Amino acid sequence: MYIVTAAEMRRLDAEAIGTLGIPSVVLMENAGKALADTVASYAARHGIDTSKRIVILAGKGNNGGDGLVAARHLNELGWQIEVWYAESPDRMVGDAALQRTIICRLGIAERIFSEGSEPDWSGACCIVDALLGTGTGGAPREPYAALIRAANASGLPIVAADIPSGLDADTGQVYDPCIRAAATVSFAFLKRGLVQFPGAGYAGESQAVPIGIPAVLAQQGDINVRYLNEDMLRQCLGVDPHLSRQEDTHKGTYGHVLIAAGSRAMSGAGLLSATAALRAGAGLVTWAVPGSLAGPLTGVRPELMLMPLDDSDSGDWSHVEPEALASLAADRNALVIGPGLGAAPGGDGASWLERLWRELPEELPVLLDADALNWFAAGDSVTWPERSGPIVITPHPGEMGRLAGTGTSQVQQDRIKSAGDYARQHGITVVLKGARTVIACPDGRIYINSTGNPGMATGGMGDVLSGMIGTYLAAGKDAASAAALGVYLHGVAGDRAAARRRSAASLLPSDLLEEL
């Protein structure tokens, strides 16, 4: 499923109309019919019958025209329809004006909103927001703003046409005011603003509906953002999300992962990551730890191979020689480094990491997480040796801000752009964690994850994810496939665990291990 910007959607519209010759009024008809079907389905699911009234809020542009088509189809289904205009409908032009003519001839009730008045929507069951589409930007002006505030204050469920009015279609940023929708019907393709927060929280249940724009236009049009689900894993990445195995395989088939993680205060981070690697299907997992921790950790997970590295009894990585870790990595299939590393060696983690970087086999897949990311951000990595093997980083927004030299707030303003820019500029696959995790590839491909829940917003979840992705890298998957598969299945495990516990708030990272 493609996810588009407002500009990309305008281009696809223009190509469908101008190049393929699909009449624009046909696209509007299809969009309005799909909107009406969604409203009717929503009403049926909530036990609302046609004796109730549906209010359509219509702007003067094509979004308003879509709403008028929906009004006609809902009227045909037996609903009482009342169309409210933000301004005089005489200002409508083109296809929208044609739709207005049709509903007038059908005798559908019309009202023009008067700023400062309180609209009477008593007896209504639902509002359809068709005020402002993707062609508008910035905060809604009056009288649109007043009508949006009235709709939100009504307490009625709102179904948005294409995108909630007041929402930035590209970034998901929310202007004041913005429609709070129960559901959003996105025409042809999902818009980026619907899958990025805070916008996703204002869109409700969002779905893309076909309106007659052939998918081949998106395929040929360099649309590089897609929604990550099971079908996408299979069709675009050629990955089996069920991880089926052939009978004639052995442990070597599934790779040997080296996990460099944990310190005296955070040994649990390493244990979570290493155990997740096992549960994700690694053939072998070696867990490298500062040597003074080995005693208490020996046998804590009998399937793990624990490898102590001399730390001069420090309990962390400050006295571990990076060359010792590089030597250990030489005959492994992937390295995961970062969870719970603790204090930077000698206060200069960047220099330590650079030494490791120079000693590692250049073809070895490497995943950097947590503390290793902070060390990486502090260094001048552009001067480090280039690697032929894949590099995956798994930052949360704060770490992403440090890597990019911007800050958390700027990252969160447009997560897709932040991750995508960094991936392209540095030749690294970026997994920007958070609600709707973003996977950005150096070649410009971007995937937005569809799984996971708020219960996963707790310490240790990223450690589990790093071990999972490391396993898929060790098994020979390319960086994009390994990252996408890990993120998707990590979210699936979280959803299963939350359902089993019946409360997302009580979810623990270790709960996910039982669902992998």
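Count begins at 1; order follows the chain as displayed.
Positions of Cβ are set from backbone N, Cα and C atoms, glycine also.
TrEMBL labels come from automatic prediction, so no person has curated them.
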| query | The K(+) site in TrEMBL includes Asp129, Ser165. Which of Asn63, Asn75, Asn224, Asn229 is also listed there? | reply | Asn63
| query | If TrEMBL gives Lys433, Gly434, Ala435, Arg436, Thr437 as binding AMP, which of Gly459, Gly460, Gly462 does it give for that site as well? | reply | Gly462
| said: What whole-number Å value do you get for the CA-CA distance of Asn62 ((6S)-NADPHX binding site) and Asp129 (K(+) binding site)? | reply: 13
| query | What three-state class does DSSP give Thr437 (AMP binding site)? | reply | coil
| query | What same-chain residues, at least 6 away in sequence, bring their CB to under 8 Å of the CB of Gly434 (AMP binding site)? | reply | Phe197, His396, Pro397, Arg415
| said: Can you tell me whether DSSP puts Ser165 (K(+) binding site) in helix, strand or coil? | reply: coil
| Taking the Cα atoms as reference points, how far is Ala435 (AMP binding site) from Tyr144 ((6S)-NADPHX binding site) in Å? | 30
